[in-house]
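Colleague: Structure provided below as structure tokens; questions to follow.
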């Protein structure tokens, strides 16, 4: 708003214009402290989590290296199925991305914020692609997992202690045995459980397939409870072990809990989009502040 005043007399006639806009204070900033420190705190938490995940993965990897003396990393499947290595890679990614978010927000660095928001967007798109494949094409996803991972996982059961513990946990929790639609017969592909093996475990399955692996009176686990079951029919074997493959069991479980899984996935997606929005908002505020300084 401007105030106009007419002057006349004294040989001068004109209009005086006075600007009524209040001047912006030198201490004024477009950068919101709330947005800035919210991004910093969120990423600081994930930065700590990434460091913890990296540390646990590194410890497990070194422990495996010292106990076995070697770690096979010949193909991409060897990397995917190496749980300690996957933890290390995930830890490094989370550590680097969250550190970029922390430093970018704290130092008001637009390059780091752009890198951070781009990484979050890539993660979001990747998660959406996997979710769409899982929900829209469940049978295709089943077939892909069975074709690509069954043989690799079964073969590596005794070679990788971390993978062995993970398989045992999954078989006990989901009450399944093997991976594919042939169920417990998958274990014939393992050199220790194959019926032609000289091992005492031949024609058997891991104890985690057993319906009652733990003795009630003693509380001890009977690791021999699955011996010889591959020689039995499905009807006979089902009295001692779970006979269905884990991939199909997990698919059925996911269908039964579809709304809960969809709700959790939607919540995670909304949180990611919200953080991306905060990062882009802060980036825009920093650009405004820079343009004010350069004006």
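Just so you know, glycine gets a Cβ as well, placed from its N, Cα and C.
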Colleague: Would you mind telling me which of 14-36, 37-59 TrEMBL tags as transmembrane segment?
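Modeller: When 14-36, 37-59 are checked in TrEMBL, transmembrane segment belongs to 37-59.
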Colleague: Under 8 Å for C-beta pairs, could you tell me which stretch among 37-59, 115-137, 258-279 has the largest tally with the transmembrane segment (79-103)?
Modeller: 37-59
Colleague: Check each residue in the chain of residue 195 (disulfide bond) that is at least six apart in sequence and keep those whose C-beta is under 8 Å from its C-beta; list them in sequence order.
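Modeller: 188, 202, 203, 230, 231 - these are the non-local Cβ neighbours of residue 195 (disulfide bond), listed in sequence order.
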Colleague: Against which stretches of its own chain does the transmembrane segment (37-59) lie, if we need a Cβ under 8 Å and a gap of at least six residues from its ends?
Modeller: 84-99, 101-102, 104-106, 116, 275, 278-279, 282
Colleague: State the count of C-beta atoms found within 10 angstroms of the C-beta of residue 177 (disulfide bond), not counting that atom itself.
Modeller: 28
